[in-house]
Amino acid sequence: MEQKILTTIHQQILEAKKNGQKLLAILLDPDKIVWENLDHLLLKINQSPATHIFVGGSIVESTIIEDLIAQLKQKTRLPVVIFPGDPSQISPKADAILFLSLLSGRNPDYLIEYQVQAAPILKKTNLEVISTGYILIESGNETAVARVSKTEPLNRENFDLALATAQAGEMLGSKLIYLEAGSGAKKPVPLEMISVISQNVEIPIIVGGGIVDLHGIKKAYNAGADLVVIGTAFENDSHFFDS
């Protein structure tokens, strides 16, 4: 029964896309969590419209991720999905993991090497593994993921290249496309880029980075995002959704 539950997250995302239901993930970076405030934070998450919790960061110790996920599983009913920065960020306590391949860059570590390292570990867990084409988009400032991965994001005005990259990911077998402006981005992913990609790929589109208010979430949805990720804005203001 447990395995059946754990293998439904991707299917739920597909069903939501089919039915026009928009999804929302709150991204928690364990490195930025103030543990004394965790209960209050989880209360706010439980009161929010969030449908998923993503956990991860560019540089996070695996033990910290384990501890946070354990707390989340105890105190929320939302699916907990690992958003890994490297192969050490794997915990069997989560429900699923985004199996990321950084398609916007040409660093082989983030295209395939870390995936090779992670595969044998993941095979020993019951985690639902969701293949995800990860595409960094220029956002007006250097973000942590660009710095750590030593890759350049795609030009935010080059819609053709962004679309071709997303389509390549789809053809390679990605189940999701994740358009990422980056944590603390000055500018979100361009709405026209979201629209062009969502109209020309069949798989669900995740959009994150640089979205600072509810209006920004709505605009991303209207452009074609199936799931929006909020991280820094919620970290900075746990009352983000109160308005």
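Using N, Cα and C of the backbone, Cβ positions are placed for all residues, glycine too.
Annotation comment: Swiss-Prot describes ASP29, SER58 as Mg(2+) binding site. Taking the Cβ of SER58 (Mg(2+) binding site) as centre and 10 Å as the limit, one finds 19 other Cβ atoms among all the protein chains shown.
GLY184 (sn-glycerol 1-phosphate binding site) counts 16 other C-beta atoms within 10 Å of its own C-beta, drawing on all protein chains shown. Annotated sn-glycerol 1-phosphate binding site per Swiss-Prot: TYR178, LEU179, GLU180, ALA181, GLY182, SER183, GLY184, GLY209, GLY210, GLY231, THR232, in sequence order.
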Around the Cβ of GLY182 (sn-glycerol 1-phosphate binding site), the count of other Cβ atoms that are within 10 Å: 28
